[in-house]
Amino acid sequence: MINSFKKLIILISLVIILLSSNNIFIDSFKIPVNQKNVKSSGDSSYQIGAGIYDITGASAEVNLMGYANPLQVGAGIHFRQRARAFVFVDSNGNRAVYVSTDSCMIFQEVKIHVVELLQDIFGPNVYTEANVLLSGTHTHSGPAGFSQYALYGITSLGFYKKNFDTICNGIVQAIVKAHKSVQPANMFTETGELWNTNINRSPFAYDNNPEEEKAMYDSNVDKNMTVLRIEDMNGNPFAAISFFAVHCTSMNNTNHLISGDNKGYASYLWEKQVNGPGTAGKGPFVAAFGQSNEGDVSPNTRGPTCRDGSPCDYKTSTCNGRNEECWSLGPGKDGDMFESTQIIGGNQFNKALELFNNASIQVSGPVQYRHSWVQFTNVSVEPPYNSGVDNATTCRGAMGYSFAAGTTDGPGAFNFVQSDNNTSGNPFWNFIGDFIAKPTPDQIRCQSPKPILLDVGMVEPIPWVPDVMPIQIVTIGQIVLVAVPGEFTTMSGRRLRNSVREIIGESIENPIVLIAGLSNTYSGYIATFEEYQVQRYEGASTVFGPHTLGSYMQEFGKLAQSIVDGTTVPAGPTPRNLTGHTLFFLPPVIVDAAPDFDDFGEVSIDVNLNYSVNETVSCVFYGGNPRNDFMIESSFLSVDLLTGTDQWTTVLDDGDWDTKFKWKMHDLGFSLITIEWVIAPDTTPGTYRITHSGFAKKNPFSSNLTPYQGISRNFVVQ
């Protein structure tokens with residue numbers, strides 16, 4: 001075990017010099033809401049509840065999860081991240097819960113611990129691993145450190161239990177809220193196409209799929225969005241769930257602020273339009289924009305270009321042989337990542353609202369679910385799922401060379417390129433890979449044509465990636481949620497949906513099969529057998545080898561058949577418990593300091609006296625390290641409006657889009673907190689102030705924290 005930790009430390013050191021970054025900026029707009037009611041039938045189809053809770057982790061000094069860029073360390077909050085939970089109960093008392101979280105993914109240990117906490121509250125039979133479905137939106141702008149597996153904790157310097165607990169507790173509290181708010185309800189659904197919002201970032205790999213299969217579809221990405229409208233017995237909507245495939249990478253790897261990215265922004269827009277100002281993350285209306293098969297799907301709709309404006313190489317996504325020079329830009333002006341987030345999130349919101357208002361297909365039928373754990377390192381893949389290969393099996397986990405190349409959403413560094421099938425590789429990186437774990441001849445054959453860079457499944461005594469996968473299907477009437485533990489590419493998702501639909505259609509009329517992406521654990525990417533052959537990023541990150549998709553189709557097919565037959569499925573092997581086998585190398589906050597003659601909360605640079613709309617208010621405070629207290633269900637800032645004699649009303653906080661909370665460590669060792677507010681055009685004229693709240697650790701020999709607050713001088717918005 002010690003040798004494994006030494007190897008991890010050495011790899012961390014190498015990774016810290018591996019990746020590079022770039023720069024980009026902001027704007028904002030408002031989107032009008034035009035809601036209407038759809039008349040419900042007289043009888044309730046279900047009992048449904050919805051809940052929302054804060055899961056925002058450390059906003060300072062912790063690496064952000066997603067791009068694996070060690071230089072992308074958190075330094076504040078743009079807007080908070082939430083868990084949105086929906087409990088469904090049918091007339092027979094069968095229940096299931098779907099949770100969409102503003103997190104990069106759901107890790108195995110998160111799902112297991114959430115179920116443990118729920119069973120502590122409700123007993124062993126209400127919420128189980130079988131009827132709890134947890135899904136991440138895949139934002140790349142949330143704090144990392146919440147996985148116990150080494151590969152996903154390298155750039156975060158290990159497992160940060162405080163982040164892990166924040167996410168788990170937030171999910172549980174969202175479910176508790178949903179559980180307590182269950183009421184007679186009806187659900188309606190509608191599906192439509194959303195364009196100008198996603199593109200395929202690996203068309204070279206997609207094009208390797210069979211011509212007759214590609215001819216079945218109008219695009220190389222899924223354009224369908226499906227929306228679930230949930231309303232009470234008076235026809236008043238209180239929740240919505242949308243499913244649409246697009247990466248949450250509108251915010252690029254130069255961003256250092258916590259953000260829900262485009263899907264989080266879409267949720268924020270809808271909830272705020274319905275619930276009103278000053279209600280970010282508070283409900284009662286809850287809107288989730290769930291993830292789907294986004295593996296090769298980018299929101300950066302301008303596509304990849306070289307920095308000089310010339311096109312990137314189609315096969316390798318390089319410029320003059322270097323992948324660092326090939327970037328995809330979003331639709332914002334000059335590629336502005338904040339504006340791009342608004343546009344892509346706004347597009348999803350607008351389409352979802354349109355479908356929501358026109359939803360006419362009533363959802364009815366029982367709540368059902370099946371769940372199995374499957375050891376995925378040696379699954380025998382049988383026809384028709386074996387791609388015509390005899391004795392097809394999955395492999396122990398491995399990452400290919402193109403994994404290190406990154407994608408056009410966030411390129412890697414050095415001499416790695418996509419579509420690299422060169423098994424001789426680079427002697428230096430071969431040495432590094434062999435140092436971690438040297439691939440065996442059987443492993444090389446099994447993973448072929450992938451040239452193995454990191455043999456993560458062969459590391460002893462504990463693999464660097466999970467190898468026991470949760471396979472889960474949840475049905476709510478004709479809605480079939482296929483909970484996939486990873487990132488399915490466009491064509492992989494289509495094949496899985498089609499295969500499940502064909503089976504489950506024997507017992508469910510006109511089933512609407514939806515991929516719930518990045519659910520219950522994370523196992524990297526799932527490319528088709530054909531896409532795997534060209535080894536772009538998605539194929540190189542298909543952990544269990546070329547037959548990974550076939551094995552998932554086979555195992556999900558077993559669950560679908562079980563639902564048709566009304567039978568149970570085996571629980572499967574118990575996944576590893578890595579508690580006590582993790583390390584975290586980021587030092588704790590020892591003590592906070594403030595300049596001489598100043599105290600925590602004192603203003604360093606005050607606001608101006610007068611502002612107009614579209615201007616940015618800025619105030620700098622001396623503060624404490626935000627890692628002291630994450631301010632869950634609270635805020636590091638408030639924008640307050642004077643509404644009466646000495647009466648202040650908070651109109652914005654750090655859960656809002658128009659504000660930014662920024663942290664910086666001063667050279668002399670104290671924290672500088674900058675609060676920014678971009679004044680929206682519809683802002684009420686009046687007298688305002690900026691407030692900053694936090695906790696300081698004044699004594700290095702005590703764990704006690706001291707709350708503090710700072711207030712700017714008053715200013716006028718005209």
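Backbone N, Cα and C define each Cβ position, glycine as well.
Quick look at what Swiss-Prot annotates:
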type	residues	note
SIGNAL	1-20	signal peptide
CARBOHYD	ASN224	N-linked glycosylation site
CARBOHYD	ASN252	N-linked glycosylation site
ACT_SITE	SER298	active site, nucleophile
CARBOHYD	ASN358	N-linked glycosylation site
CARBOHYD	ASN378	N-linked glycosylation site
CARBOHYD	ASN391	N-linked glycosylation site
CARBOHYD	ASN421	N-linked glycosylation site
CARBOHYD	ASN422	N-linked glycosylation site
CARBOHYD	ASN577	N-linked glycosylation site
CARBOHYD	ASN610	N-linked glycosylation site
CARBOHYD	ASN614	N-linked glycosylation site
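In this structure, the CA atom of ASN252 (N-linked glycosylation site) is 33 Å away from the CA atom of ASN610 (N-linked glycosylation site). Taking CA atoms as the reference points, ASN358 (N-linked glycosylation site) and ASN224 (N-linked glycosylation site) are 15 Å apart.
Close to ASN614 (N-linked glycosylation site) in the fold, though at least 6 residues off in sequence, lie VAL678, ILE679, PRO681, each with a CB less than 8 Å from its CB. If you compare Cα positions, ASN610 (N-linked glycosylation site) sits closest to ASN224 out of the glycosylation sites ASN224, ASN391, ASN577. In the three-state DSSP classification, ASN358 (N-linked glycosylation site) falls within a helix.
In this structure, the C-alpha atom of ASN577 (N-linked glycosylation site) lies 32 angstrom from that of ASN391 (N-linked glycosylation site).
Around SER298 (active site, nucleophile), the C-beta neighbours below 8 angstroms that are at least 6 residues distant in the chain are ASN198, ILE199, ASN200, ARG201, VAL246, HIS247, THR249, SER328, THR407, THR408, ASP409. It is ASN391, among the glycosylation sites ASN224, ASN358, ASN391, whose Cβ has the fewest other Cβ atoms within 10 Å in the structure shown. Taking the Cβ of ASN378 (N-linked glycosylation site) as reference, residues of its chain lying under 8 Å away and at least six apart in sequence are, in sequence order, THR393, THR394, CYS395, ARG396. Note: the Cα of ASN224 (N-linked glycosylation site) and the Cα of ASN391 (N-linked glycosylation site) are spaced 36 Å from each other. Ranking the glycosylation sites ASN252, ASN610 by how many other Cβ atoms lie within 10 angstroms of each Cβ puts ASN610 at the bottom.
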